[in-house]
C-alpha cells in the first residue's frame, strides 16, 4: 500500500504542477509585455516571465506537499529548493535590470556552496562541485536562446537525475525533480515554436541549479572520476553548447561576453533544420546522453560509457564549428578600412586604404600616372588627395559606399 500511495501522491503532485504552471505562464504574459520585460534578441519580442511561473509553482507545490506530509522533501532537498529559489530571484533581477554575468556567476556559486555536502565529498571535491554547479547552471541559461530548447532538455534531464536519486533512495530530491519536470512540461505549452513566453534568466538559472545540485547530491560518495563522467553525461547538451560558444568566439576573436547567433540551435537552423526539428534533435541528444548517465550510475554499463558521450559531444562541437555564423571575417588589425573612390576622368573605382598612408600614397601615384593625357594638374592633385582622404560628400545621385562596418563623415 505504501508504494501505491507514493505513486498516487507523486501523480497528483505532478498533475497539479503541470496545470498550475500552464495557467500561470499564460497569465504572466500580459504583465511582462506591459512592463517591457521581454527578450529583444529574437525576431520578435518575447516576454521573459515564464520562469517566474516555473519557480513559483515548483516551490509552492513542493513546499505544500512537504507541509502536508504527502511528499516529504527532507533537509537536503529543502536546502536545495531554497538555494534554487534564491538563484531564480537573482535571475529575475537580471531579466529586469540586466545584471552582469559575473554577478550571476558569483551569486550562483555562493548558493551552490550552501548546498554541497562537504562532510561526504571533502573540501577539494566540494570546491570542484561548487564550481561545476555554477558553470553548468550558466550553461543552462545559454540554452534559452531558441523556442522550446531549454524546456525540453530540462524535462529530459530532470527525469534522468530523478532516476539517479531514486536509485539512491533519496525520495526528497526525486519528488522535487518530478515536480520540476511537470512544471517545465506545462511551461512548454506556451514556449513551443512560435513561443509566446520564455523562461528568461529566472527560470533557466533555477532549472539548471536544481538539476545540477540534485545530481551532485545523488553522486555523493562515489569516486571522483566516475562521478565526473556521470555528471557530464547527464548535462551533455548544455555543456556542449557552452563549449561550442566559447570556442567559436575565441577563434573568431570576439569577446566571450558578447552575444551572437552562435549556439547549437542557431547552427542547426543554418544547416536547414526547422525550429521544431532543432528541439527534437537536441532533445534526442539529451535523452541519449542521460540514458547513458543513468546506466553508468546504476552500474549497468562501465564508466567508459561516459567517454563515448564525451566523444560524441566533441565530434558534434567540432562539426558545428565549421558552420559560419558571424558573417564575413573581420579585417585583421592594421589592415585598414578600404573605401571606393573615383579616379579623375574615369568611371572605374580605385581602392585606397585609410589607415595606411604609405599604401594610399603608392596607389594614389599609380592612379595619377594612369590619368589620361591632357588632364590638368589640378585634376591630378584632386585625384591624389581623394585617394588619401577617400570619404567625400555624396551628390544627390551618388551614395558613398564604405567597405567596412564603420561609416566616417568629413568633419
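Any Cβ shown, glycine's included, is placed from N, Cα and C.
The model shown is predicted, which means the values in this text are computed figures rather than measured ones.
Look at Swiss-Prot and you will find 7-27, 45-65, 70-90, 120-140, 148-168, 169-189, 197-217, 227-247, 277-297, 301-321 tagged as transmembrane segment, backed by sequence analysis.
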Does the transmembrane segment (227-247) reach the transmembrane segment (148-168), going by 3 or more CB pairs under 8 Å (6 or more apart in sequence)? yes
Six or more residues out from either end of the transmembrane segment (70-90), which same-chain residues have a Cβ under 8 Å from its Cβ atoms? 9-10, 12-13, 51, 55, 58-59, 62-63, 99, 103-104, 107-108, 111-112, 114-115, 117, 137, 170-173, 175-176, 202-203, 205-206, 209-210, 213-214, 217
So are the transmembrane segment (169-189) and the transmembrane segment (277-297) touching or not, going by 3+ C-beta pairs under 8 A with a sequence gap of 6 or more? no
Three or more CB pairs closer than 8 Å, sequence separation of 6 or more: does that hold for the transmembrane segment (277-297) against the transmembrane segment (7-27)? no
Candidate ranges 7-27, 45-65, 120-140, 197-217 - greatest C-beta contact count to the transmembrane segment (148-168) (under 8 angstroms): 197-217
Best-contacting stretch, by C-beta pairs under 8 Å, relative to the transmembrane segment (197-217) and drawn from 7-27, 45-65, 120-140: 45-65
